[in-house]
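Q: Marked as topological domain 'Cytoplasmic' by Swiss-Prot: 1-11, 81-96, 131-154, 201-204, 237-253, 311-339, 381-388. Annotation source Swiss-Prot lists transmembrane segment at 12-31, 59-80, 97-116, 123-130, 155-176, 181-200, 205-222, 224-236, 254-272, 287-310, 340-350, 358-380, citing sequence analysis. According to Swiss-Prot, the feature topological domain 'Periplasmic' maps to 32-58, 117-122, 177-180, 273-286, 351-357.
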Amino acid sequence: MKHLHRFFSSDASGGIILIIAAILAMMMANSGATSGWYHDFLETPVQLRVGSLEINKNMLLWINDALMAVFFLLVGLEVKRELMQGSLASLRQAAFPVIAAIGGMIVPALLYLAFNYADPITREGWAIPAATDIAFALGVLALLGSRVPLALKIFLMALAIIDDLGAIIIIALFYTNDLSMASLGVAAVAIAVLAVLNLCGVRRTGVYILVGVVLWTAVLKSGVHATLAGVIVGFFIPLKEKHGRSTAKRLEHVLHPWVAYLILPLFAFANAGVSLQGVTLDGLTSILPLGIIAGLLIGKPLGISLFCWLALRLKLAHLPEGTTYQQIMAVGILCGIGFTMSIFIASLAFGSVDPELINWAKLGILVGSISSAVIGYSWLRVRLRPSV
């Protein structure tokens, strides 16, 4: 029991469980004995009905859209705390992850197009390597435990959130045919209610969560990625202490173990099961997977490092306190873990054209993401000295 307690008390434990869940998913998806069970589990229909409102999705989408909204709620709470009281409190510090995220979206997209511009079909996947999977990136960073400076973790979180917001905007503008304006209107009203609650100093967490559920449902029905609702709710929950207690910090403390030991491992298990059946070297070296691999493995760190360097040279931003430029470069490599958001964009880009392209895109995403995870982790392990 002592060893078990020590494991769960470790900062790296959540990342270890997430990696185990991802490996288990890969093994099950590629085993004849378990692949059927694995995919049946993900396709299990789950229906929620309240009056005339009905949400009918399979298990995979409930995990990605509902449970991950809770993860994004936690991320929103942590980033808000750092924006108001921590390492992102000044304008120049806050500008740094914004500039990094812009570079991390532009350069991978351009590199992908360098491989695929001549093909009008695969060209549509230009946004695939522009995305970062914040859950897996943070999971890999967590493997390094307490030696990771808090400012570096917050930088990655802020960068990845901005990256995700950029991906959501790209999806809405380029990959979504039908946006429900009525649902977006309901979402706008819910956001206004959250703002009023915050301004009035309401501190009951349940009230914010209730409005958050309405917001999540509206965003889901609108056609925009529903996890965005979690970030929005997190930003409106009061951080300022009253009678020595902070609503946001208290909720952050409650959510952390649930996210680290249940939601993220379940997310990894549901999304990492990519089938390798039919994979060939010729297919892997075709322009589609090559463009994705290059975009994630080279474009992401190059874009983030280049734009960060320019921001520092032009004195537009400061390095996060206690970090080095080499560590920022390593985080840029971790941002090449595109995974689920990249797979989602690939399904939108090629789903109605040629489903076979989705499989090759997934392979490119898998190779690029795993390579980014291994190289980024190794570089950071060298650059970060264990705390004493």
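Including glycine, each Cβ sits where the backbone N, Cα and C put it.
I'm curious about the neighbourhood of these features; can you describe it?
A: Sequence-distant contacts of the topological domain 'Periplasmic' (32-58) (same chain, at least 6 residues past either end, Cβ-Cβ under 8 Å): 25, 65, 217, 220, 270, 273, 275.
Panel annotation: around the transmembrane segment (59-80), residues 41-44, 46, 88, 134-135, 154, 157-158, 161, 212, 216, 220, 225-235, 237, 239, 248-249, 251-252, 255-256, 258-259, 263-264, 266-267, 270-271, 340 of the same chain, lying at least six beyond its termini, place a Cβ under 8 Å from a Cβ of the stretch.
Beyond the ends of the topological domain 'Cytoplasmic' (81-96), by six or more residues, the same chain brings 150-151, 154-155, 158, 239, 248-249, 252, 308, 311, 316-321 to within a C-beta distance below 8 angstroms of the stretch.
The list of residues near the transmembrane segment (97-116) in space but at least 6 beyond its ends in sequence, with Cβ under 8 angstroms from a Cβ of it, reads 88, 122-123, 125-130, 132, 155, 158-160, 162-163, 166-167, 287-288, 290-292, 294-296, 298-300, 302-308, 310-311, 316-317, 328, 332, 335.
Tertiary proximity for the topological domain 'Periplasmic' (117-122) is limited to same-chain residues at least six positions away from its ends with a CB under 8 Å from its CB atoms, namely 287-288, 291, 350, 353-354, 357.
Tertiary neighbourhood of the topological domain 'Cytoplasmic' (131-154): same-chain residues 10-12, 14-16, 18-19, 22, 68, 71, 75, 78-79, 82, 86-88, 104, 160-161, 163-164, 167, 260, 264, 267-268, 300, 320-323, 327-328, 331, 334-342, 344-345, 369, 373, 376-377, 380-381, 384-387, selected by CB-CB distance under 8 Å and a gap of 6+ residues from either end.
Beyond the transmembrane segment (181-200), the same-chain residues lying 6 or more positions past its ends with a Cβ under 8 Å from any Cβ of the stretch are 207-208, 211-212, 214-215, 218-219, 221-224, 229, 232-233, 236-238.
The residues of the topological domain 'Cytoplasmic' (201-204), classed with DSSP into helix (H, G, I), strand (E, B) and coil, number 0 helix, 0 strand, 4 coil.
Counting residues 6+ beyond its ends, the transmembrane segment (205-222) has Cβ neighbours under 8 Å at 53, 55, 65-66, 69, 73, 179-180, 183-184, 186-187, 190-191, 193-194, 197, 228-230, 232-233, 236-237, 247, 250-251 in the same chain.
Remark: secondary structure over the topological domain 'Cytoplasmic' (237-253) totals 7 helix, 2 strand, 8 coil, with classes taken from DSSP.
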Q: Rank 123-130, 155-176, 224-236, 254-272, 340-350 by Cβ pairs under 8 Å to the transmembrane segment (358-380) and hand me the top one.
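A: Out of the listed stretches, 340-350 contacts the transmembrane segment (358-380) most.
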Q: Under 8 angstroms, Cβ to Cβ: which one of 123-130, 224-236, 254-272, 287-310, 340-350 has the largest number of such pairs with the transmembrane segment (155-176)?
A: 224-236
Q: Out of 123-130, 287-310, 340-350, what stretch is closest in contact terms to the transmembrane segment (254-272), meaning most Cβ pairs under 8 angstroms?
A: 340-350
Q: Please work out the helix, strand and coil residue numbers for the topological domain 'Periplasmic' (273-286) from the DSSP assignment.
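A: Tallied per class, the topological domain 'Periplasmic' (273-286) gives 4 helix, 0 strand, 10 coil.
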Q: Take the topological domain 'Cytoplasmic' (201-204) and find every residue of the same chain, 6 or more past its ends, with a Cβ under 8 Å from one of its Cβ atoms.
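A: Residues packing against the topological domain 'Cytoplasmic' (201-204) from afar: 238, 242, 247.
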Q: What residues elsewhere in the chain lie close to the topological domain 'Periplasmic' (351-357), defined as a C-beta under 8 angstroms and at least 6 residues from its ends?
A: 121-122, 124-125, 288
Q: Any residues 6+ beyond the ends of the topological domain 'Cytoplasmic' (237-253) with a Cβ under 8 Å from its own?
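A: Same-chain contacts beyond the flanks: 74, 77-78, 80-81, 84-85, 198, 201-203, 205, 208.
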